[in-house]
Structures are given as C-alpha cells and as structure tokens.
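TrEMBL annotations:
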ACT_SITE  H350  active site, proton donor
ACT_SITE  H393  active site, proton acceptor
DOMAIN    5-143  domain 'Glucose-methanol-choline oxidoreductase N-terminal'
DOMAIN    256-401  domain 'Glucose-methanol-choline oxidoreductase C-terminal'
Amino acid sequence: MNLPVRDDANDPSAPAMGLFTTDCMVDKFGYRHSALSAYLPKSKVLERKGRLTLCTGVVATRLETSADGTEATGVYILDHLDKRPGREGIVKANREVIVCCGTHFTPQFLMLSGIGPKEHLAKHNISLVRDMPGVGADLQDHVAFGIAFQVRIVDSYLRMLNPLIGLWHFILFLLFKTGMLATSGARLCGWLHSDTIDESTMTVKHRGNAVDEKHDNTDASQPENVPDIELLFANAAFGGEKGKGYSAFFATLVQPFSRGCIELASSDPLTHPKVYHHYITDPRDWAAARKAARFSMNYVERFRQTNYPFNSTWHQAPGVKAGSVEGSWRDVTDEQIDAYIREGLLNFYHATSTCRMALEEEKGVVGQDLRVHGFKNLRIADASVFPKVTSAHTVAPVYMLTERCADFIKSDWKAEA
C-alpha cells in the first residue's frame, strides 16, 4: 500500500503519512489513566484542602456579568440532584472564570448567559450581554465507517465473548498485565492525505524523495500534507455471527469540510441543546470518503494475498456480499459507497470548534490567550476553542490546551502582583 511504517507518531521527524502504533493513556500498571487520575488524584485533593472546593451535584447554569458586560462576576449554579425550584445559588468570582463545559455545552452555557447570536437569544427571551455570532457555530467532528472482514477467531477480540476465554484473559491481565485486555483494541492506525492516493491502484503515491521539496508529500511541516484520512485497525466488528472472528478498518475523515452548529432548545439549563452535525454535507467530504472506502477495501484484498492461513471473506463493505470473497474496490460504484456510508456512519466523539479561536470579525469567540472577546476575566479551556479539528484524536490536544491556559493565568497573575 506504500504507507511508511513507523512506531512513534509523535516523533517530530516522522512523515506526514504512515502506519503507526496507537498511543494509549495507561499507567505503569496497565490501567487507563484519565485526566482525573492524572491531574486531580485524591492525594492532591487532600493536599489542597482549604484551597480547593469541588461542587458536586450541581449544574453551572449561567454567568453573572458586570453592568457594562466586560467582566464575569460570578457563576449561577443549580441543585441538579433535587431539582427543586429556588435552589439556585451563585459562586462569586474574585479573579477569573474558566469555562470548561466542552464543545456541546460551552456554547449553551454562554448563550444562557446572554453571550451569543442576538437573534437566537431573542428567540428564547434571553437578555443580550454581547452579540457573538460565532458561539455555537462551526461544529466539526471526525466521522468514520467500517470495512470489515472475517479472520480466525483466535485473532479477534470477539473470542472473549466465550465466557471461559474472557475469564482467562481477565485473569491474565489481573495477575500479569498481559493478554487481550492489556491492549486498546485498536493497536495500529494509518494516516494519509486523500490527495496522495493513486486512483488507478488505490495505493499511496510516495514522493518522499521528490527533487522539488514543495511537493514532498511526506513532509509533516507542510500544511497541505496534514492527513485528512485515518485508518483505525480494530480486531473486531459489529454484527458478526456467533463463534466467528472479524477485524475491521475504520476509515475516518479527520479534516472534514462539513460544518454543524449548536443551538439552544430552550432557556432551561437542564434541557440539552440542539446539535446539528451536518455530517458529510460538503461534496469534498464525499470525495475523500470514497477514496478512503476503496483504499480500505484494497487493504483487505492485499491482506488476502499474504500467507495468512484463513480465507478472509467480506463481512461489511460497499457493493459486496457478506461471507463471499467476490467484489473489489475496482467494481464498487460511487452510489454503492455513498449508500453504505449513509447507513453505517459512526461518530468518533471528537467534536470541536463551537467557540473558535479567531478574530471576532471572523466569527471567533476567544483570542490566543483563550479570553472571550470583550471580557477581561473570562476564558474557555476546552475543545470548543480549536480553530479547526485536529487530524489526531482530540484528547492529547485538549490536555495541551488546558495546560497552556494554566500558563496564561499564572503569567497574567504574576504580572499583576
């Protein structure tokens, strides 16, 4: 397939495309290491007792702002467990308010506070504090679809559906930190740009040794080489027959052109907002998706040509029959691919950019210091501020962003001292 094979996707010298080992966030004992366990373990909570207050069982409903609309002076909170009227309180802000409600709920929180598109706020009888059309706009996300095929049951995670085998792998992990439960389930991922795929062969056009460096499609420093397709390799698939093993390539659009939005459903903070993803509504996304589908199907066909000791039939792919080896990327039509994608499109939960970092006249919501435009002490620190969705999965970039926000706060407070 001509994809360079590399181990470390985070190596600065790594090519812009390649087949990489999937990075996972695990601790030294092999357990998942979340942001909570990394940044706020119980030991730190106890250490900061008296300086750190955590409000549980409440929902932040809206901001209290100054009369001139330039400062956040507090945050209203609602007793979410009792949900009794009159149980709203307020937490006063001495210095700053940092909003971290996430891509879907940060715009809702701002709009309920009167910060957002004025026509939309008026529709819900919310008093306007600042007209910001960019709040809730430009929703982006990674979307995927699977190309699945049959493998030996011993090579598939589905073998653990057998209770005895599942118990055995649980014991292996518990005692020795080995076995299938010691892995992520998707140990490899491929990254490439759709423009690098040769449509006549459905393999990568490798130009790493090009004479003209401007056309080196492996140079990760060139913006035009940022991958727009990810292939996530998983040793399992949906909808298979009991007792059979399956694997799949999840072909993922990681630089989509389609844009969605977040809108209020009502002025009730406990009512979820309306989410309009508008997946693959831009023709450029369809072009990339069709290439990704054919490239993935070619991967399966090339896999069959190896010495793998099993007849790997199709399980799920456009234009083919499950359980058959008949059908090829060369024969499948655009219409078959489009219908297949519409039926099986998956959300990767990497939503971003509903309060983008950009100039206000460009529908931006925050500046490069993460401050909301027009406010002295209001910042946002979550994926909603991404100017554009990252090609990589969003968890590590969010950690980077929040650590940078902490740097900004400390720097500003030090300057004020």
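Cβ atoms are placed via backbone N, Cα and C, with glycine included.
With a 10 A radius on its CB, the residue listed as 'active site, proton acceptor' counts 19 other CB atoms from all the protein chains.
Secondary structure of the domain 'Glucose-methanol-choline oxidoreductase N-terminal' (5-143) per DSSP, as helix, strand and coil residue counts: 24 helix, 40 strand, 75 coil. Summarised as a single figure, the pLDDT of the domain 'Glucose-methanol-choline oxidoreductase N-terminal' (5-143) averages 92. Here H393 (active site, proton acceptor) is positioned 7 angstrom away from H350 (active site, proton donor), judged by their C-alpha atoms. Taken residue by residue, the domain 'Glucose-methanol-choline oxidoreductase C-terminal' (256-401) breaks down under DSSP into 46 helix, 20 strand, 80 coil. Its Cβ taken as reference, H350 (active site, proton donor) is surrounded by 22 other Cβ atoms within 10 Å in the chains shown.
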